[in-house]
Amino acid sequence: MDSQTGRVINFRTQVLTRHLSNHHNLATDLIRTAPCLNYSPPELSEPRPDFDTMSLRNLLDGQSADFIDHMFDLMLRSSLFCPRERGGKVFVSPNFNQSMEQQREMTMKRIDYLREEGAFDGWFSKKGSDGELWRFAVLETASVFDHSLGIKLGAHFLLWGGALRFMGTKRHHDKWFKPTESFEVNGCFAMTELGHGSNVRGIETVTRYDAKTEEFIITTPCESAQKYWIGGAANHATHAVVFSQLEINGVNEGVHAFIAQIRDTDGNVCPNVRIADCGRKIGLNGVDNGRIWFDDLRIPRENLLNSVAEVSPDGQYLTAIKDPDRRFAAFLAPLTSGRVSVAATAMQIAKIGLAIATRYSLSRRVFSIEPNEPEVLLLDYPSHQRRLLPLLAKTYAMSFASNYLKMIYVKRTPESIKTVHVVSSALKAVLTWHNLRTLQECREACGGQGIKTENHVGHFKSEYDVQLTFEGDNNVLMQQISKALLAEFLAAKKRNKPIKGLGLEHLNKPAPIIPSKLTSSTLRTTRFQTDIFCLRERDLLHRFVKEVSEHQALGENIEHIFATTHQLAEDLGRAFSDRLILQTFLDVEATLPAGSLKNVLSLMRSMYTTILMEEDASFLRYGYLSTDNAAVVRKEVLKLCSELRPYALSLVSSFGIPDAFLAPIAFNWVDANAWSSV
């Protein structure tokens, strides 16, 4: 009789003995006596980092770290953030089992608590880059707890408040800033309509001016013109910034923005305004999205946000920007803060997903390689490394790019507005796509535990899915980038001068030459990585220029051309974004002295570039990689995974996310699921 058969017989004998003796705590005793898997904190077995994790965290959060930590601390202090004990640790997260109405009520209670704690004090008065970075940090950190909280604050402060700040002038600032900061006024942003989202110029709400009373009259002329998905409108907003076609003396002057009161101080909907709920959503049910109709609502002349254009008391349309296209661009340019915030938040959530899935994979074991040997940690399987570690490297790369985006936004000048627009469009799209893909992979990597709401990664997918389409549909943004690159290229050619800006200066140099046979060492050099990313971008831009020119030669109009060349445009948009992210990574590395931290970043950069070459079909489609070299790239990914594996815990710990904002499976998942915890 072998030892395994003996153990089985012994176990069944114990069960039978307890049964015959009428033991009343059979289940409890079996749990107590049977050999079980034990949770072992990865900190006990994983190698200690040979670099300073705080230095790495500072590269990620920089001067915003203190702002972020302060917000985390405020949320951890209050029972409104639903602290609960699981497995010997306290975790915070919303109660998603509540009804939609309860979730909305809780969101407002949390906002009231944060307001009372001074979390928003100085929102409009804090100046300079510190003030801008603080504002972004408040919204990002709120979203780490609950996307609804972040979106609700963003709609009020970034959208309503941003419209006042950038589209309004002193008369609006003096009147509206203080009550907005104190939430005496609760604002919403009424741009999107049932019939128009991305195409803002096509919105159908109409505003006419009545010179006799010096009032504007806002009208919803048809059902497709109803304002739709307006965050805050269904329950809480008292005022709205309404985007509308402005008609003066029968002439359409284009889209303008107006301040309209939609509820009184008692919460009653104002006359000539109708509001309906958008209903339950796949996520974000703590945000009261609503629909608004205006039935000839009259507002004072002063409620036109007039930074770009004014209407005089006698009804004259006044503007210094005569060209409607330039006027529209100047009007909307300041609102890129929304895209900046969305991109940054996407990175915070990707970090949480990876921190949870990685920590779980460093304590969860499955299968034995040899008979009677211990089961193997998930992250020791090459297949599991291949799932998580490339995403970890991408998240670092994109986090550096997100920081770059914030800095060019806070330091923007009139001359840099175009760059901010293009970069924010690129990174908003690529970073939110990455976030959803990361959450999906983390969900699968956590198996059944990833399905549980309390473990976040599965539920986050539905909460953050909306990022792919709000603040601009990602596919449309890719095409916008390509249009901007085309315009820059053609303008430089027309001037007969080198191209300058948007990082396109590499087009002025000879095309890089890619080695015919790649090796592991070549793949890891910054020269090769930069060369192949630049080659891809320049080649796709030249192809796009050629294809557009061929269509123009046939007499096709430009909008039809862009519609038919969308595949090439999207490839080009991706190439621009990837090259930009690589450059921001290199810029971060350049700030570091030689040493272990720089070496780890170099590994992650090589992983970032190599995994993109493997995953993006354009490298093979357009011949930047041969099939033989593509096979070398694929093998290199596995090599890099094995080299990054010892750093996995240190890399996710360097995110600086408090344990309470992670999940039970990131820690003692055995105790968290024990009978005593049920």
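Every residue, even glycine, has its Cβ placed from backbone N, Cα and C.
Because the structure is a prediction, the values reported are computed rather than measured.
The active site, proton acceptor feature in TrEMBL is assigned to Glu471. The FAD binding site annotation in TrEMBL covers Thr192, Gly231. If you look up TrEMBL, you'll see 188-296 marked as domain 'Acyl-CoA oxidase/dehydrogenase middle'. Per TrEMBL, domain 'Acyl-CoA oxidase C-alpha1' is recorded for 335-486. Feature annotation from TrEMBL assigns domain 'Acyl-CoA oxidase C-terminal' to 531-662.
This view paints the features noted in TrEMBL onto the structure.
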{"residue": "Thr192", "record": "FAD binding site", "CB count, 10 Å": "20"}
{"residue": "Gly231", "record": "FAD binding site", "CB count, 10 Å": "26"}
{"residue": "Glu471", "record": "active site, proton acceptor", "CB count, 10 Å": "25"}
Task: DSSP helix/strand/coil residue counts for the domain 'Acyl-CoA oxidase C-terminal' (531-662) - done: 109 helix, 0 strand, 23 coil
Task: Distance from the residue listed as 'active site, proton acceptor' back to Gly231 (FAD binding site), taken between C-alpha atoms, in Å - done: 13
Open item on the list: Quick check for the class: what is the C-alpha distance, in angstrom and rounded, between Thr192 (FAD binding site) and Glu471 (active site, proton acceptor)?
Closed with: 10
Task: DSSP-assigned states of the domain 'Acyl-CoA oxidase/dehydrogenase middle' (188-296) in counts, ordered helix, strand, coil - done: 6 helix, 53 strand, 50 coil
Task: Taken over the domain 'Acyl-CoA oxidase C-terminal' (531-662), the model's mean pLDDT - done: 96
